[in-house]
Protein chains: 2
Amino acid sequence: MNYRVVFNVLGSLLCFLGPLMLIPLVVAMYYGESPYPFAVSFAVTTIVGSLLSFRFVSTGEDEWEKREGFAIVAFGWFAAALFGSIPYMFDGVTPLNALFESMSGFTTTGATIFVDIESHSRSLLFWRSMTQWIGGMGIIMLFIAILPKLGVAGRQMFRAEAPGPKEDQIKPRIRETAKILWAVYVSISVLELILLLAAGMSFYDASTHTFTTMACGGFSTYADSVAAFNSPLIEGIITLFMFIAGANFALHYKTLYSDKKSLIKDNEFKFYFVIVAIATILLTGILLRDTYDTIPTAFRYAVFQVLSILTTTGYATADFNLWSDSGKVILLAIMFIGGCAGSTAGGIKVVRVLILLKYARRELFKAIHPKAIRPVKFNGKSVPGDIMHAIISFVVIYLLIFLLSSTILTILGMDLTSSITASIATLGNIGPGFNLVGPMANFSTVPAIGKLVLIANMWVGRLEVFTVIVMLTPEFWKR
Amino acid sequence: MNYRVVFNVLGSLLCFLGPLMLIPLVVAMYYGESPYPFAVSFAVTTIVGSLLSFRFVSTGEDEWEKREGFAIVAFGWFAAALFGSIPYMFDGVTPLNALFESMSGFTTTGATIFVDIESHSRSLLFWRSMTQWIGGMGIIMLFIAILPKLGVAGRQMFRAEAPGPKEDQIKPRIRETAKILWAVYVSISVLELILLLAAGMSFYDASTHTFTTMACGGFSTYADSVAAFNSPLIEGIITLFMFIAGANFALHYKTLYSDKKSLIKDNEFKFYFVIVAIATILLTGILLRDTYDTIPTAFRYAVFQVLSILTTTGYATADFNLWSDSGKVILLAIMFIGGCAGSTAGGIKVVRVLILLKYARRELFKAIHPKAIRPVKFNGKSVPGDIMHAIISFVVIYLLIFLLSSTILTILGMDLTSSITASIATLGNIGPGFNLVGPMANFSTVPAIGKLVLIANMWVGRLEVFTVIVMLTPEFWKR
Ligand SMILES: [K+]
Ligand SMILES: [K+]
């Protein structure tokens, strides 16, 4: 392990994060709140980052190998969450809760330990939303530019005819790709911001909710989440942008700048759309039977909640914890799917679910025609064996972590439904679950050890599991 | 599809089943109950079986191909459940409930729609227990002798250095293997019967509970299940025999007649033991904290329930539905594992879980060393790719059916916990779940459509999924 490279990059990352804290500092001054917390956070983060960068100077000849890549990604996210938690502590949040909230931000999970959201300062809530937007950008880069290089996400599969030049070296490629994706992400965000402003939201509300929509984050500045606005128009805009944020950003780029049909030709996007359609129809029917009186009302709440959960955003326009179990099971099922690869969404991802289904279908065929050769196809190409293996082992390990986490939470005394949904809601970076951790409740009642488990879930889930889990193997630290 | 062969074998099967109904007829006469139901059932089953056999005479030259094999297994089990349900209808049970109870018997599930078990005639309860013992024998044969021939279970993997001669033709091999396994099954059953009698049970109780222990069936002649005896000795004997019945019968044969170390050398058996040990220790700790006062009491209920659920027997010595969620989650987790391949247990099976875990571990290793070659090993041999594929697609399809079933049940209005556990309890052939379908409750409150779904679950789960599911593919019926 080349520690110099790792610490050098971590230092650079903090030097990038620190100055971003000046934005909530400006917000604080605008609203007449104390700028002190963000000034201190800015100083601490930037100084530590600079010290790290200077202490571990990169010679410019260092090569990133796989292990260094894994360590940078995993500890990079952790460092961001750690230093990003400083402002919370100035607002009287305990260190554990601050780390929880900050990790929930940077991983775009949106699970909160805030009991009374509106009691916190506007600048802190702005920072909280902003961390999700930063995390969301990081995720897109991670998935499209970095992980394929580390062999995690399966480059060929996940549309890594990604935008940008195609050098062999990692660094220039990441830099170019990052620029392009940043531009796409910013452009779509600006579009949402304008639409939300036009729909009558204040600049503060519009910007914070743009941050958390585009990142599939789900933090709201209101305890009632998007229900606070009680506006079908705003819900419609947010629904649309959740749908966009849950799809592949590399495809958004291609759709905008080269092939207009990039999205609708893509197998993953088509399946994503089918899931949204089926879940919405089912849920509308169930809500019409059990909860609401008219089709438009049932549809309004159904489509919003389906997209919020499937894209792992986690907003709520209704307390779905009070819906019938029929409705809840639809939400629970799509919690295990998540959005598209290369989006800001979390979860197992649509492409993995789709390929796994095609794989199972192929095996059924082979049960009758054992000698027939019928490859699993995705976007017209055969899925290679190593990609198949990567997908399957991902799902297995994902479900094992889910089981382990659920078990620990119940052993700590939480009820089964809360334990299970808290686990999947953090591992899938969704945010709210059912019962104790429902959309109108919060994670403050989870025991301390449980919070640590959930922090780990968010971190592991956001980094596509392998990035963190490989560090648990002895092989990682060898030599 | 060669229908003649299929109907001919189904006919023979009914001709075998019919006369078995004379045994509960004798029981009826002994207890002074009406022998009429069993006389009629015997007559109907045997006559239909004979007509089928005569109408579709086998020329002796017919070859079983895969599709015929699948059809015989799937419809054979269904026919047994269908004709075996006749006696229930004489006792005032509705046809749907009778089919449910009979399918629950022949698939050794043990889920019951009986509201007041003791109100039914002793001969009917005897038949109910007996169907599980018949089903259990069928399962061992199916798994060790038939499925590997159909390419389902992965012969090389599942110890199909099975006893018996090794011809290439299916029929003689099945016949020889069947005889040997029958002898092992009967011998161990007799041993349990003797021990239960020695522990003070009546012949009626001892025989019915031997039937349902050895089959991992779980039907009891008492509403309180094994708790009715309130005897640590009886519980100990049953615990031991559940452990035996949940292990591979081909290995029991080898242990008895050739290599004494066959069981303890086997990777699957070792892992089975490890799961039992870990789950028992955890559950004992949890029960000690939440439910019982002393270690022996906690251990007594923990070890019994862990084995009852893991081996998918489904007996209860306590209403585990009243335990804390910490305890329930342990039971829920092992519901998804099940017993060993080649046993009478249902579920995903220990060997599949073990190989899947080894596979995930290997992929983690490969994430760091992508060029390293490290095969997944089982019992010292590399697991071939096609076996790996079969295992993975089994688990995927199994979980999909579980999800589909849970979703349907909740849509029908059942609560989430009942829906989920009713689904896994029938698909895994376990019997009781939690809440509405808890160990001291029954399945009578499930809506009619839900009962049909659960009947399908039992059938699909018992026949290793593929055997039934391939019939849903258009390829199955082609040509
Ligand atoms: K989220
Ligand atoms: K059972």
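The backbone N, Cα and C atoms fix where each Cβ goes, glycine too.
Over in TrEMBL, the protein carries these features:
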- A:7-32: transmembrane segment (TRANSMEM)
- A:38-57: transmembrane segment (TRANSMEM)
- A:69-90: transmembrane segment (TRANSMEM)
- A:133-152: transmembrane segment (TRANSMEM)
- A:180-204: transmembrane segment (TRANSMEM)
- A:233-251: transmembrane segment (TRANSMEM)
- A:271-292: transmembrane segment (TRANSMEM)
- A:330-355: transmembrane segment (TRANSMEM)
- A:387-412: transmembrane segment (TRANSMEM)
Do the transmembrane segment (A:330-355) and the transmembrane segment (A:7-32) share at least 3 Cβ pairs closer than 8 Å, excluding pairs fewer than 6 residues apart in sequence? no
Tertiary contacts of the transmembrane segment (A:69-90), defined by C-beta under 8 angstroms and 6+ residue spacing from its ends, are 1, 5-6, 9-10, 13-14, 17-18, 21, 24, 36-38, 40-41, 44-45, 48, 97-99, 101-103, 105-107, 124, 127, 131, 134-135, 138, 142, 146-147, 149-150, 170, 459, 462-463, 467-468, 470-471, 476
Which one, A:38-57, A:233-251, A:271-292, has the most C-beta pairs under 8 Å toward the transmembrane segment (A:180-204)? A:233-251
Give the nonlocal contacts of the transmembrane segment (A:271-292) in its own chain as ranges (CB under 8 Å, at least six residues past its ends). 243, 246-247, 298-299, 301-303, 305-307, 310, 323-324, 326-327, 330-331, 333-334, 337, 339-340, 350, 353-354
Same-chain residues at least 6 beyond the ends of the transmembrane segment (A:233-251) whose Cβ lies under 8 Å from its Cβ atoms: 136, 140, 144, 158-163, 181, 184-185, 188, 192, 195-196, 199-201, 209-210, 213-216, 226, 262-263, 266, 268-269, 272, 276, 300, 303-304, 307-308, 310-313, 315, 317, 339-345
Near the transmembrane segment (A:38-57) in space but 6 or more residues beyond its ends, with Cβ under 8 Å, are 3-5, 7-8, 10-19, 21-22, 24-25, 28, 83, 86-87, 90, 123, 127
